[in-house]
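What TrEMBL lists as active site, proton donor is Y49. Feature annotation from TrEMBL assigns substrate binding site to H110. According to TrEMBL, the feature domain 'NADP-dependent oxidoreductase' maps to 15-270. Under the heading site 'Lowers pKa of active site Tyr', TrEMBL lists K78.
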Amino acid sequence: MDMRGVEYVKAKMPKLGLGTWQVRNESIPAAVDAALASGYRFIDTAQIYGNEAAIGKALKEALPKYNLQRADIFITSKLAPANQGPGAEKAIEQSLKNLQTDYLDLLIIHWPGSSNPSESPKNKELRKQSWETMEKFYDEGKLKAIGVSNYTERHLQELLGHAKVHPAVNQCEYHVHYQTNSLVDYCKKNQIHFQAYSSLGSPEGRKKLAADPQVIAMAEKYKISVHVLLLAWAINQDMSVLPRSTQKAHIEENLKAASVKLDPADVKSLLSDTADQKYCWDPNVVA
């Protein structure tokens, strides 16, 4: 229970997970196997990714190989925009079936808008309906925690106005070139864990982040790769991260970020209120 007496979370989430956005089904078995072998215990997927079933099958085959049980793994999925509102219940049941599990550790609303236009006034009601459905699954124990993704302060204020189950997570784009620090502070103040995605810049910004002189200099100072530095920078701000890779070497390397301790002064040196180079979709346009 949190301080306001609202149900919060029944699961403990690792600070670094395997992201699976744009990971094709045929690449899932090797990626999941490499992740579990390296020590990952957190897999992030989404209905819209189209790979839930492949992940469910891969986990069923790989868990016994590493003497692991379902309870040893934290699984997150996301309610797709098209499934918001009346379609939420059926979509959640399908995710459970796809992932071959009786429960999800975390389910989040993927986007504050539905498949309607971003400015549609229906978005607000569909968000509310979706959350109420997720609360039902939470009460039944089929969801250990529920949260959101790409929610602005405005969307969070709306949610907190009616939520019976407190949102556990807000998963948003966040990296050295795009810092929503006021949103991060708002989440901390309201006991919502801030989870960063596209920590490495996503396909569009990856090269730009990797070539940032300040980032390169700091990586050299700590004798780590730029990728590990970028992930560690977020983790050292008490965020969790979801690096995506299908390459065993990269999967292993990314996990090192979880144990890198940065000097607080170095973390602060990369913080900026003017870092607004967004590389992913923008939720500010969603009504």
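Using the three backbone atoms N, Cα and C, a Cβ is placed for every residue, glycine included.
A quick note: this is a predicted structure, and the numbers were derived from the prediction, not measured.
Spatially close to Y49 (active site, proton donor) yet at least six residues away along the chain are T20, W21, Q22, V23, judged by Cβ distances under 8 angstroms. Taking a C-beta cut-off of under 8 angstroms and a sequence separation of 6 or more, the residue listed as 'substrate binding site' has the following same-chain neighbours: A46, Q47, I48, K78, L79, A80, P81, S149, N150. For the domain 'NADP-dependent oxidoreductase' (15-270), the model's pLDDT averages out at 96. Counting Cβ atoms from all protein chains shown, K78 (site 'Lowers pKa of active site Tyr') has 25 others lying within 10 Å of its own Cβ.
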